[in-house]
Structures are given as C-alpha cells and as structure tokens.
Amino acid sequence: KFIIDPNERFLFSPTWAEQQWACGVERNIIGSGIFVSPKGVLQNAGSVGLAVIVWVSAGVVTAIGALCYAELGVTIPKSGGDYSYVNDIFGGLAGFLRLWIAVLVVSPTTQAVIALTFSNYILQPLFSSCLPPESSTRLLAAACLLFLTWVNCYSVRWAMFVQDIFTAGKLLALGLIIILGVVQICKGHYYWLSPVKAFETFRDYDVGQLALSFLQGSFAYGGWNFLNYVTEELVDPCRNLPYAIFISMPVVTLVYVSANLAYITAMSPQELLASNAVALTFGEKMLGLMSWIMPISVALSTFGGVNGSLFTSSRLFFAGAREGHLPRLLAMIHIKSCTPIPALVFTFSSTLLMLCTSDMYTLINYVGFINYFFYGITIAGQVVLRIREPDLYRPFKVRTRLIWPMIYLLFWAFLLVFSLYSEPVVCGTGLAIMMTGVPVYFLGVYWENKPQCKITHLCQKLCVVVYPVMEESSGPEDEDDDDDDDDDD
C-alpha cells in the first residue's frame, strides 16, 4: 500500500540519531578547508602577512554573518537555512533560485572539493616525486562519495557514527600542526613571521586578487550555517543556536589562524604554494619517519567532511521539496530506515559531474562566489524584516540596531564586485546558471495545471520511499483522525 499509492503519507518523528546530529553539526566548520585553502589564500594575497590578516578578517566577518543567521533562525524557525529565509521574506522565485543554485552548484561543488582533498592526501604519499594522476584522484573521490552515500541511505545512526569516529581525525591533525608550530616558534623558527619578511611580496598587491583570497579563506569557514538547516530538529533552538555560534566561531578562527602560522614556521611561501597537500608537506618536514600520521589524519577529517555535507544537503533538498520547489520525490524517505534516499542519490549524481575537473581552487572560487551572493541576500532579508515587521517576536536579536548587518553587506558588496572583476568567467558562469532557474520556476512551480508525470511513482517503487508528515506529538483525538484517514484510504 505504501509503495503503490504515491499520495500515501508515512507518519514519523525525528529519530534520536537525527537530534544528536542536529546538536553536533557545528563540528563541520572545521573540515577540509584548512588543509586546502591556505595555498589559495596565500597565492591571491601576495604576502604572508596579508594572508594572516585575510584569515582573521574572514573569521570576524563569518561570525557577524552567523549572528545574523541566528536571529533569522529563531525568528523563522524552519529547517532549510537561508533557502527558507529568502523564500519567506522575498517570495517564491527568490527562494527557488537559492535552492536551484544550491542543487546545481553549491552542494555538489563543495562535496567534490572535500572528496578531492581526501584523494590528494591519500595518494600524495604514493607519488612523492610528482603530483598524483588526475584520473586516479577523481576515481578515488568518486569511490569515497559512493560509499558514504550508501551509509547515509542505509541508516542515520550509521551516518552519525561515521561522523563521530572521523571527527577525531581533524582534531588530531590540527592539534598536531598547532603544537608543532608552537615548538617551532619557541625554537626561534619564525623567519617568515617577522614584520619585515611577513609583508615581503612575491607579486604585486591587487584588490581583485585580495577578494579571491577572501573567497578561498571563507571556504574553510564553510559550515557556520549548518545548524540553520536543521532548526526544526534542534532542542531549544532559541537558546542553543546563538550559544553554538558564540562558542564555535572564536574557537574556529583561533584554530585556523594558529594552523596557518604553524605552516609558515616550517615552510617558505614558495614551498607552500608548490604543494597541493599543505599539511602533508608540513608533516614531512616536521615529523620525519612519523610523517604518515598527517595524511591519515587529514584523510579521516575530509572523509567525515564529505559525510556531513551529504547529510546537510539532503535536508536542504527535503525542505525545498516540502515547499513544492523541487520534485516531491526528493522529500520522500525510506519506509524502514527513514533516510531521504532520493535526495542522497540525486546529490551523489550531481557531485560526480563536478569531478570532471580536479582543479580544486577554481571550484572553490566558483562555490565561494555563489555562496556569498546568497549570504548577502539573506542578511539583506534580515534588514528588510526588521523594517517591515519591527514588532515581530525575536527570541534572539542582534543588538546595535542594524550596524552589524550593514557591515556584513558592505564587505559582501566589495567581495562580489572585485571577485567578478578578477574571475569574470567563473563568477559569470555561476550567475548564468542561477538565472536558468527563472524559466524552470515558472514551468515547474508557478504553472499549477501542468501535465502529471509517472516518473515519481516509478522512482518511489524503486527506492521504497513515501512522503512523510512531520508531527511533534499526537493525542487521542489525533489518533482518531488518523484512523478516519485510514478508513477513507
């Protein structure tokens, strides 16, 4: 009955594992970015000193954005993050474009970058005298994605278990890097951190390249808005959402800046720029025979990062399908495991397309520009909501009126304008892909009396999935209503 009738709805509530995931999802901020972005930040900044300033500034701006998102998250307590906020404030078309670009660009590109980082750190020790072959890198990344997609399809508890286990990898790698960096500084090995050498340029400063440097650094801070994707699954979001940001963002910024300082104590800027696996090169210089610890630790970290990204992406697609902005199949879950199998399979398929290129830094610019475009739109929505509905109940409110949102929007404008100036093809392609969503919206969402398609029914049978109804609780009267509905069916 559940499989044959596509209109049948399966009642369920979030499992214990999903609630634990919601509480621990902020761990995804510290992921693959710190092991791949340092090269991109330094390359575009032009000097060690400016690169460190970029890392600090990106952390501060990200913290401001996260606080603005915290206000929106408790004011509009819906899962789906900025998609839900843009949809409610600016209307269906704006919300759909956010979802469209997330489906086609942001989620698959982010997962592709993390998976490629995993591949590079696994394969680099095997090719010590040269870079790993691109085909091998892409193939291993695809295998990683396939396995983790299967885990997420099979069980939420298994996905949470994988995340808990592999979180230790990122903590081990970063802790080891920072400790070794402190040892180097105590020994007096801080040649490239002295004021004279820190701002010695290896190419001329350029404001457009500086904007790209911020994009590269901001990628490492990605994940600061993951809690907003699962607001409905949080315990006491009005309290826990702001607290998570107040605690996590200063810690993450301190960790990232410390790790980058550690890199520079052991490597010259030229050595760092020549490496596609910065932490591995650092480990080879500092650990000697024990250098194998570093690639294993980073591989564990990035493996967990892919897992976390798959989980949050599927929740975003679920929220979009529930609003009618994506095919309803993507909002269906398996009748036994309660996992969103169609959304996960779709995410996996779109990520494979992004693996056609193994140039991670182009992909980071690509996703960074699009992400920041909609971050700014979302925070502009906070300003609009403050003006439009000043008396709306806000359990948490960013103080000092609108100063912090306006600071973020000024930085946002600088970043977008000069990124588009420096990389017109990459950024312009992202905007062009976003605008292709306009006709799709009018044909697929706005047009209500369009012909019905049987693909949903067929895929529902293949995946053994049904459309869920989220209910917090049900009393005796609700149970009677459910019985009546069953009789009608």
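Please read every residue number as a count from 1 along the shown chain.
Just so it is clear, glycine is given a Cβ too, placed from its N, Cα and C backbone atoms.
Annotated features, as they stand in TrEMBL:
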TRANSMEM  48-70  transmembrane segment
TRANSMEM  99-119  transmembrane segment
TRANSMEM  139-159  transmembrane segment
TRANSMEM  171-190  transmembrane segment
TRANSMEM  210-231  transmembrane segment
TRANSMEM  243-266  transmembrane segment
TRANSMEM  286-308  transmembrane segment
TRANSMEM  329-348  transmembrane segment
TRANSMEM  360-381  transmembrane segment
TRANSMEM  402-422  transmembrane segment
TRANSMEM  428-447  transmembrane segment
Listed stretch, out of 99-119, 171-190, 286-308, 402-422, 428-447, that has the most CB pairs under 8 angstroms to the transmembrane segment (329-348): 99-119
Residues from the same chain, set at least six apart from the ends of the transmembrane segment (48-70), whose C-beta lies under 8 A from its own: 38, 41-42, 81-82, 192-193, 195, 197-200, 205, 210, 213-214, 217-218, 220-221, 224-225, 228, 241-242, 245, 249-250, 252-253, 256-257, 260-261, 264, 269, 375, 378-379, 382, 396, 398, 404-405, 407-408, 411
Among the ranges 99-119, 171-190, 210-231, 286-308, 428-447, the one whose Cβ pairs under 8 Å to the transmembrane segment (139-159) are most numerous: 99-119
Intrachain residues whose Cβ lies under 8 Å of the transmembrane segment (243-266), provided they are six or more past its termini: 26, 29-30, 34, 38, 41, 48, 51-52, 55-56, 59-60, 62-63, 66-67, 69-70, 174, 177-178, 180-182, 184-185, 189-190, 192-193, 220-221, 224, 227, 272, 278, 282, 285-286
Distant-in-sequence neighbours of the transmembrane segment (210-231), which means Cβ under 8 A and at least six residues beyond its ends: 18, 21-22, 25-26, 28-31, 33-34, 36-37, 40-46, 50-51, 54-55, 57-59, 61-63, 65-66, 69, 72-73, 77-82, 110, 113, 237, 241, 244-245, 248-249, 252, 256, 308, 312, 315-316, 319, 361, 364-365, 367-369, 371-372, 375, 414-415, 417-419, 421-423
